[in-house]
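Trainee: This is the structure I want to talk about, given as structure tokens.
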């Protein structure tokens, strides 16, 4: 698009363009491409999570494989949104004050799940962290839906009383 603007504005084609402009020109994706890669990455995340759940019941290494694939699935699902809004905007929105705690908890449980499997060797703890990972990911995800958190809190408090 910038090339078309340069031609239409009468600027010469061989004019020196800065490094940043060259990188941005080569890194931009069309909307259709962004949506395709979002779907591919998100589907890969869902597939990893389902595969991890299926591997849970394997003897010996099942819990380890479950934790790894479930965590990779969540990372892929989060990463998929980078295609829609770009990585910098995604990170900026992740760490906004309204979802800061949810983001920190989600990332913390991602790391703790992998630590429980590989470093500590505690399979039961890994399953607990996967459950907490799911809850944190759900709370993080509904933060993008207006008034969804308020609705969940009201529903939860009405069920308790």
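Using N, Cα and C of the backbone, Cβ positions are placed for all residues, glycine too.
Automatic prediction, not curation, is the source of TrEMBL annotations.
In case it's useful when we look at the structure, here is the feature table from TrEMBL:
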type     : residues : note
TRANSMEM : 37-59    : transmembrane segment
TRANSMEM : 65-88    : transmembrane segment
TRANSMEM : 100-120  : transmembrane segment
TRANSMEM : 126-147  : transmembrane segment
Trainee: Counting only pairs at least 6 apart in sequence, do the transmembrane segment (126-147) and the transmembrane segment (37-59) share 3+ Cβ pairs under 8 Å?
Mentor: no
Trainee: Which sequence positions outside the transmembrane segment (37-59), separated from its termini by at least 6 residues, show Cβ-Cβ distances below 8 Å to it?
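Mentor: Sequence-distant neighbours of the transmembrane segment (37-59): 29, 65-70, 72-81, 83-84.
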Trainee: Report, as numbers and ranges, which residues of the same chain sit near the transmembrane segment (100-120): CB under 8 Å and 6 or more residues beyond its ends.
Mentor: 63-64, 67-68, 70-71, 74-75, 78, 94, 126, 129-130, 132-133, 136-137, 139-140, 143
